[in-house]
């Protein structure tokens, strides 16, 4: 009886394997692993000696046929379910990227996940790549050079210069770094607001008439002069801010390729170009050109001045909402492409239909051509409805109703995904901002750390001397 029981127990051990993951034991038949030969457990089944077994697991008990793994037991529970039932799903209590690492360790392909879980994993991977890319760009813009990277420069001077650059970087890039950063950010917002108000006031009819008289008679009124002074002060501040940002960065090329910095250049340059064009147009005015030349110069100046509206985009440096909007647009390029595709297909469908209906049965010919009907189709599908083109016939009104309903449905599909992306991006940026504020070291803490680093050898030596003296006096 005992011999038979021992034989049965040995046969059971041979037929099954005990997998101990994080202290939790699983008894898995070897026959189950035959269908997954490329997984870690499948390779474990084909091992012939102890060295090959220990290459795949952390420890091994040959007597009990038990294999030990120091991995996540909750993730392995899902993997065991996949090996037994063929269903692999993400765990709600576990990060998707951590679960991906577990799949990579156990040799299970990501494609084995259910489609909903795989989509969630792909989304997390895309977010992680985007975050790493932004962190690399920020590190490249703000990373200081070391003594080895800048030969010929003394390290103390370089350390002092790095400290100044670090303080300058905190002031212009991080409003939460201290009082200088907050003052700098507030001044930038105030100057942007002044620029926007000045641009709006300069388009008033009486001021435009005064500008036209100035361009003809070259005599400036007091109001025009005041607006010019305000604009000059604002542009001077923006130029100084741009130079400070350019000085503190290490990668100049990366700095000039940043979208917000490109907007700064586009907004600042028109002022200087306007000054050059204004001064040159007076001295180099062709003889007998009359008002035609002045009108052309005035058109160029008005176009350049209109570019000042790009100053409003500078608020994105200090507004979490605008940063979230930009990140959402960057992440949802595919959804915006789908939205544009839907609109183009529907526009190409409803424009010929309404043109044919109105040209044949309409009492008033408002739709003169199919390309002319594109405008009506876009306005109808976006439910704006200016009323400049209205179908009069019953078939045309049916087509209009169909275009309005289809526009509502087509725009609702991508907008839902865009909304979720916006909410997720806002939460991520908010958490990142809170983390940066929470872990930002105070200046007193930095000085205290430097003091301890410089005087620690002295204090240690003094403490060692007293300790030796006490040791000598304590001897019997």
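Glycine is no exception: its Cβ is also placed from the backbone N, Cα and C atoms.
Remember, TrEMBL labels are computer predictions, not curated facts.
Positions annotated as domain 'Potassium channel tetramerisation-type BTB' by TrEMBL: 19-116. DSSP assignment over the domain 'Potassium channel tetramerisation-type BTB' (19-116) gives 46 helix, 18 strand, 34 coil.
In the predicted model, the domain 'Ion transport' (182-426) has a mean pLDDT of 81. The domain 'Ion transport' annotation in TrEMBL covers 182-426.
According to TrEMBL, the transmembrane segment annotation covers 183-205 (among others). Sequence-distant neighbours of the transmembrane segment (183-205) (same chain, 6+ residues past either end, Cβ-Cβ under 8 Å): 171-172, 175, 211, 227, 230-231, 233-234, 237-238, 241, 305, 308-309, 311-312, 314-315, 317-318.
The list of residues near the transmembrane segment (225-247) in space but at least 6 beyond its ends in sequence, with Cβ under 8 angstroms from a Cβ of it, reads 168, 172-173, 184, 187-188, 191, 194-195, 198, 201-202, 207, 255, 261, 264-265, 267-268, 271-272, 308, 311, 314. As annotated by TrEMBL, transmembrane segment applies to 225-247 (among others).
Look at TrEMBL and you will find 259-277 (among others) tagged as transmembrane segment. Counting residues 6+ beyond its ends, the transmembrane segment (259-277) has Cβ neighbours under 8 Å at 231-232, 235, 238-239, 242, 245, 297, 300-301, 304-305, 307-308, 310-311, 313-314, 316-317, 326 in the same chain.
Away from its own ends, the transmembrane segment (336-355) comes close to residues 329, 367, 369-371, 373-374, 376-378, 380-381, 391, 396, 399-400, 402-403, 406-407, 410-411, 413-415, 418 of its chain (Cβ-Cβ under 8 Å, at least six residues beyond either end). Per TrEMBL, transmembrane segment is recorded for 336-355 (among others).
Using a Cβ-Cβ cut-off under 8 Å and counting only residues 6 or more beyond its ends in the same chain, the transmembrane segment (367-386) has close neighbours at 343, 346-347, 350-352, 354-355, 358-359, 400, 403-404, 406-408, 410-411. The transmembrane segment annotation in TrEMBL covers 367-386 (among others).
The transmembrane segment annotation in TrEMBL covers 398-419 (among others).
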